[in-house]
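Below is one structure, written out as structure tokens, with a few remarks after it.
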Amino acid sequence: MKKIGVLALQGAVDEHIQMIKSAGALPSKVKHPSDLNELDGLVLPGGESTTMRKIMKRYDLIEPVRAFAKEGKAIFGTCAGLVLLSKEIEGGEESLGLIDTTAVRNGFGRQKESFEAELNVEIFSDAPFEAVFIRAPYLIEPSPEVSVLATFEDKIVAAKEANILVTAFHPELTNDNRFMRFFIEKMV
């Protein structure tokens with residue numbers, strides 16, 4: 001059984017753990033660099049990206065997560081995870097630089113502008129995906145290596161490059177585990 005870690009510093013950790021279980025893998029909480037050992041994949045959940053980056057620095061997780069990706073292991077980032085994984089963050093904040101695109105933090109507005117929307121997702125032909133956007137970012141300026149998987153209002157909200165998958169929305173806050181299944185079955 002594949003073992004998938006969830007960066008457990010803040011955000012929807014428990015929801016991701018349930019989603020990983022529903023997709024047939026074994027979840028594990030990651031709080032320290034040694035927790036990355038023996039993992040097949042890693043999830044960076046939503047939350048507040050600046051706070052997450054500061055906590056990652058405090059626990060010396062920045063370079064170990066980069067090394068995890070450079071080993072070819074898969075990482076799935078949702079919302080703040082998307083922001084952290086992007087090569088650049090509009091406004092110049094530090095990122096992990098693991099997917100060649102730029103993130104626009106809170107691109108769809110603040111908390112009161114949170115919403116749900118049906119998305120047609122490139123990798124799911126069976127039915128639209130009901131996405132939950134909370135202070136959601138979006139992506140701009142993807143390199144040719146980045147596959148755009150979904151857009152909303154002409155803004156990139158899901159993408160993939162090599163072993164990195166990102167969504168601007170929160171699949172873990174729905175009952176639809178297709179993104180997690182795709183991550184575990186096709187990328188890990």
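For all residues, glycine too, the Cβ spot is worked out from N, Cα and C.
Positions annotated as active site, nucleophile by Swiss-Prot: Cys79. Long-range neighbours of Cys79 (active site, nucleophile) (same chain, six or more residues apart, CB within less than 8 Å of its CB): Gly11, Pro45, Gly46, Gly47, Ile134, Arg135, Ala136, Pro137, Thr167, Ala168, Phe169, His170.
Under the heading active site, charge relay system, Swiss-Prot lists His170 (among others). Of all the Cβ atoms in the protein chains shown, 23 others lie within 10 Å of the Cβ of His170 (active site, charge relay system).
A helical conformation is recorded for Glu172 (active site, charge relay system) in the three-state DSSP classification. For Glu172 (active site, charge relay system), other Cβ atoms within 10 Å of its Cβ number 28. Residues or ranges marked as active site, charge relay system by Swiss-Prot on the basis of sequence analysis: Glu172 (among others).
The L-glutamine binding site annotation in Swiss-Prot covers Gly47, Glu48, Ser49, Arg105, Ile134, Arg135. Secondary structure at Ser49 (L-glutamine binding site), taken from DSSP and collapsed to helix, strand or coil, is helix. In the structure as shown, the Cβ atom of Ser49 (L-glutamine binding site) sits within 10 Å of 26 other Cβ atoms.
For Glu172 (active site, charge relay system) paired with Arg105 (L-glutamine binding site), the C-alpha to C-alpha distance reads 20 Å. Taking the Cβ of Arg135 (L-glutamine binding site) as centre and 10 Å as the limit, one finds 18 other Cβ atoms among all the protein chains shown.
Sequence-ordered, the extra residues of this chain that approach the L-glutamine site, with Cβ no more than 8 Å from the Cβ center of Gly47, Glu48, Ser49, Arg105, Ile134, Arg135, are Gly46, Cys79, Ala80, Val83, Asn106, Pro137.
The number of other Cβ atoms within 10 Å of the Cβ belonging to Arg105 (L-glutamine binding site), over all protein chains shown, comes to 20.
Neighbour counts were taken at the CB atom with a 10 A radius for the binding-site residues Gly47, Glu48, Ile134; the maximum falls on Gly47.
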